[in-house]
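J.: The structure is given below, and queries will be raised subsequently.
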Ligand SMILES: Nc1ncnc2c1ncn2[C@@H]1O[C@H](COP(=O)(O)OP(=O)(O)OP(=O)(O)O)[C@@H](O)[C@H]1O
């Protein structure tokens, strides 16, 4: 890098890694940096604390972050904003207290609202295993990194995978036995039925109870103000989709597919279902587009080539982007740190998709 050119995002993050936090760790490893923008010699970013009190306590850290970035060659101006995730819950539940919630009740009739939530985005797929949960988690993290306040609901009630993907396992607190305080992971507020029940408890609920559980997850969680609430839907086109789209004001749905012809056939079924429910489909995402060999870096179209982009063109639905099949994606999903929270090339792809979607929804 010449002394006059602006530093890269990675160079800025490397400098911020040197800024220690009072509780231990640093700004980058604690995942507190959001919306980092390098615009010529101007650098802007947000430090996101969990509560207003914590934000105040981090003020010296903010000053230090500003100092280290300003000292990088090529930086003319630095602006660092401090945000708190939202108003702190009035009471804190005693550590380890499980919520006394009646998950599994029947849904209440009529439309439901999720207060403070600007947009509800459903992420669906025609069939299982195409990476819908992976995409939901990573998209949520990427949007949060770009500065939006984001929540994530794991509505895949029979096979909840968000606790593992987002790395949250503790039962959420419920100070009053009604409101659920969602854990925050990688800048995203997450709730999953998997956090509310013992892992090995088989869910044998039938339709109405399932819907009641989903409604509770949506409405009893203290989300605070959110720019977007992302719903990781179960695969296919069943009751959960219907409840969600009929009871809540869903801004739009995103359909994830692999490029294989059979997956696309199923994806078309999902598109038709959303159209019947009068929920606009706001984007298609192709997952597992190409396989990148971890040894030699060679890229191979093992499931076909560009099928989802062509489908998008045919249907007039925005194509949000494609994501490669990489071992890194699976390992990071299994390890509780979505790839979008890292600085890899795939994180960059998620960032582009998040930006496109945010611009479309702004
Ligand atoms: N791009 C990718 N590269 C590598 N592995 C991936 C990719 N996307 C998803 N996977 C892996 O594929 C598996 C299935 O993904 P995921 O659970 O996200 O799919 P899903 O569509 O939500 O499935 P289901 O609805 O059946 O739960 C997971 O092990 C995940 O880590």
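Yeah, the Cβs are placed from backbone N, Cα and C, and that goes for glycine too.
Automated prediction, rather than curation, is the source of TrEMBL annotations.
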J.: Quick test of your reading of TrEMBL: among 56-83, 84-111, 112-139, where does it put region 'Disordered'?
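T.: That would be 84-111, the stretch labelled region 'Disordered' in TrEMBL.
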J.: Mind giving me a neighbour count for residue 129 (ATP binding site)? Other Cβ atoms within 10 Å of its Cβ, every protein chain shown.
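T.: Neighbour count, Cβ to Cβ under the 10 Å cut-off: 11.
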J.: Apart from 126, 127, 128, 129, 130, 131, 132, 133, which residues in this chain have a Cβ no more than 8 Å from the mean position of the Cβ atoms of those residues at the ATP site?
T.: 125, 235, 256
J.: In this predicted model, what is the average pLDDT of the domain 'MIP18 family-like' (9-80)?
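T.: Mean per-residue confidence for the domain 'MIP18 family-like' (9-80): 87 out of 100.
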J.: Give the number of CB atoms, excluding that of residue 133 (ATP binding site) itself, located within 10 Å of its CB.
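T.: So the Cβ neighbour count for residue 133 (ATP binding site) comes to 28.
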J.: Taking helix as H, G and I and strand as E and B in DSSP, count the residues of the domain 'MIP18 family-like' (9-80) in helix, strand and coil.
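T.: Helix, strand, coil within the domain 'MIP18 family-like' (9-80): 26 helix, 21 strand, 25 coil.
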J.: Tell me whether residue 133 (ATP binding site) sits in a helix, a strand or coil according to DSSP.
T.: helix
